Amino acid sequence: MEGEERGYWRWSKRDFFPEESFQSFGSYRAALSQTCSRFKNRLVSRSDDENERFELKKQSEHEMKRCLTWWDLVWFGFGSVIGAGIFVLTGQEAHEQAGPAIVLSYVVSGLSAMLSVFCYTEFAVEIPVAGGSFAYLRIELGDFAAFITAGNILLESIVGTAAVARAWTSYFATLLNRSPNALRIKTDLSSGFNLLDPIAVVVIAASATIASISTRKTSLLNWIASAINTLVIFFVIIAGFIHADTSNLTPFLPFGPEGVFRAAAVVYFAYGGFDSIATMAEETKNPSRDIPIGLLGSMSIITVIYCLMALSLSMMQKYTDIDPNAAYSVAFQSVGMKWGKYLVALGALKGMTTVLLVGALGQARYVTHIARTHMIPPIFALVHPKTGTPINANLLVAIPSALIAFFSGLDVLASLLSISTLFIFTMMPIALLVRRYYVRQDTPRVHLIKLITCLLFVVVSSMGTSAYWGMQRKGSWIGYTVTVPFWFLGTLGIVFFVPQQRTPKVWGVPLVPWLPCLSIATNIFLMGSLGAMAFVRFGVCTLAMLLYYFLLGLHATFDMAHQQIVPRT
C-alpha cells in the first residue's frame, strides 16, 4: 500500500519508471506525440531553493547522516584532487605538450579552477543539497540546461573513475618493478583499446563497496590515506629539488605557448574533484561555515602543491625522457634513487585510491539528486536506511566505469574528461550571474534582456578569443583587439546597466561580475585549446544524451513536475 515501509532492494518496473507516460505502450506513444509541447514546457521551467532542499529529498525515503565537519571536507578535498592530476597527467602532458612549462599549465588551470571554486562555494552555502552543480543549474538555468549538465556529470564521473583506475594499475606494476603495462592483457583490438585491465575493475569495485558502507568511516579512511600521501608529496618535492638540474628546464617552451594552454586544458582534470565537496552538503553539520573552509582552503593549498610537484619533475628529468605512464617513479630511478621510485609509486597508489574513494562518494550523491528529479530512474535516489548511503547510485557509476576501465587507455579518456569538466565549470558562473541579477517575478523584463545581452557578449567574445588562438596565428594580435574589448563591454554592461537583485546571506563571490565573467572566459579558452577529436567525442556523447532525453528523460521529468506518478505499491 502507499506509505507502507518497503525494503531497499526492489526491482519492479514501477520502481524504475513510476511515471504515467511509461505505464503502457499507448501512454508512451501519447507522450511521444507531445514531445514538442513538453520540451517547450521543460525548457523554460526552473526549480527553486525550497524544492531542491526539501521536497525532492523525500524521493530518497531516508535522509543521509550529518556527520562531517570542515576538517573532513578539507581532507576530502585533498583526497579527491591530489593523485588524479599529478600522478596521472603531469608526465603525459610534460612529455607531449608543454615540456618544462607544464608548471605554467598548472598555474593557468589552477587560477581558472579557483574562479570556479568561488562559484561553487556560494551555491553550496546557499543551497546545501547533494546535487551540487546539477541542482544549482536546475534552479537558475532550467530543466534542460540541468539535464545537459547531468549528462556531463555522469560522463565525468564514469570516465574519470575509469581513467584513475587505469593509472592505478600502471603504478602498481611499477611498484612491483615491472613495466606499466605488464599487468594488462594484450589483445588484437585497435590501439587505445587493446590493453585489457582487470586490476582496474577490482579497484573500482572495492572503492564503491567501501563508499557504500558508511560516509563517516570512508572519511576516516580517506583522512589516513591522504595524510600518508601528503608525506610522500613533501618527499617528492624536497628530493626533486635536491636532485634538480636547471639545464633540464631548457628549452622551457619547446612547444610554444600553444602547448602550455593545450596541456592546461587537459591537466584541468587534476582540479575536477573539488566539486565532490559541494555534494557532501547534506551530510555536513554546519554547511555555511564548513563548506567555504573545505573548498577554498583545500584548493588553495593544492594549487601550490601541484605547481611545486610539476616543477620538481621538470628539473629532475628532461621532458623528452619523462615516462608518460609513471613519470615520478621513473624520474627518481633516473637520478639514482631506485628505492625512491617504490615510495613514490606507493604514494601515487595512496593518492589515486583516495581519488577513487572520495569520487565514489561525490558521484553517488550527484546521481542521487539527479534521480530525485526523475531524469534517471528514481530507484537510484534511494538512501539505504541502515548505512545512510545511496548504494544504488554507487552501483550506477561503478559498473560502467569498470567496463570502460577494462578496455580504454588513459590517452583516450583524458581529453574527453577535460572537455566535460570544462563545460560544467563554464555553466556554473553563468548560473551565478543569473542568480545575482535575476529573480523571478521581481526583476523587470528590460533588466532580464540587458543581462542576456551582456552574457551573450561575454560568452561569444570568449569563444572568439579561443577560436582565434586555435587558428595558431603566431605574432598576430589583431583578432584579440576585437574579441577582448567585447568581453570588457559585456562585463561593464552588467556593472552599469543591470542592478543586482540578490545578495548572498552568508558567503558570496567577491568582485561580481568580474570574477564570474573571467571564469567563463578562461574555461571557454581552455576548452578551445583541446584537440578536434575531443570535440568529436564530446559531440557524440551529447547526441546520445539528447536521444535519451527526448525518449525518456523529458517525459519522466514532465510527469514528475505535473505529479503524474503512479503510487508506489
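Keep in mind that glycine also has a Cβ here, set from the backbone N, Cα and C atoms.
The topological domain 'Cytoplasmic' annotation in Swiss-Prot covers 1-67, 119-143, 214-222, 273-290, 363-389, 433-450, 559-569 (among others). The feature transmembrane segment is assigned by Swiss-Prot to 68-88, 98-118, 144-164, 193-213, 223-243, 342-362, 390-410, 412-432, 451-471, 478-498, 506-526, 538-558 (among others). The annotation topological domain 'Extracellular' is assigned in Swiss-Prot to 165-192, 244-251, 312-341, 472-477, 527-537 (among others).
Taken together, the residues of the topological domain 'Cytoplasmic' (559-569) have an average pLDDT of 70.
Outside the transmembrane segment (342-362), and at least 6 residues removed from its termini, the chain residues within Cβ reach (under 8 Å) are 76, 78-84, 86-88, 132, 157, 160-161, 164-165, 167-168, 171-172, 174-175, 203-204, 207-208, 210-211, 215, 218, 221-222, 225-226, 228-229, 231-233, 235-236, 273, 275-277, 279-280, 326, 328-329, 332, 394, 397-398. The recorded stretches the transmembrane segment (506-526) and the transmembrane segment (98-118) share 3+ CB pairs below 8 A when only pairs 6 or more apart in sequence are counted, and are therefore in contact. With a cut-off of 8 Å between Cβ atoms, the residues of this chain six or more beyond the topological domain 'Extracellular' (312-341) that come close are 86-87, 90-92, 94-96, 99-100, 102-103, 167, 170-171, 173-175, 180-181, 235-237, 239-241, 243-246, 248-249, 254, 348, 410.
As a quick check, the transmembrane segment (538-558) and the transmembrane segment (390-410) miss the bar of 3 or more Cβ pairs under 8 A, pairs 6 or more apart, so the two do not touch.
With respect to Cβ pairs under 8 Å, the transmembrane segment (193-213) is most closely packed against 390-410, considering the stretches 144-164, 390-410, 451-471.
Only pairs six or more apart in sequence are counted, and the transmembrane segment (144-164) with the transmembrane segment (390-410) gives three or more Cβ pairs under 8 Å, enough to call it a contact. Sequence-remote contacts of a segment are chain residues at least 6 beyond its ends whose Cβ falls under 8 Å from one of its Cβ atoms, and for the topological domain 'Extracellular' (244-251) they are 99-100, 312, 314-319. The DSSP breakdown of the topological domain 'Extracellular' (244-251) into helical (H, G, I), extended (E, B) and coil residues amounts to 4 helix, 0 strand, 4 coil.
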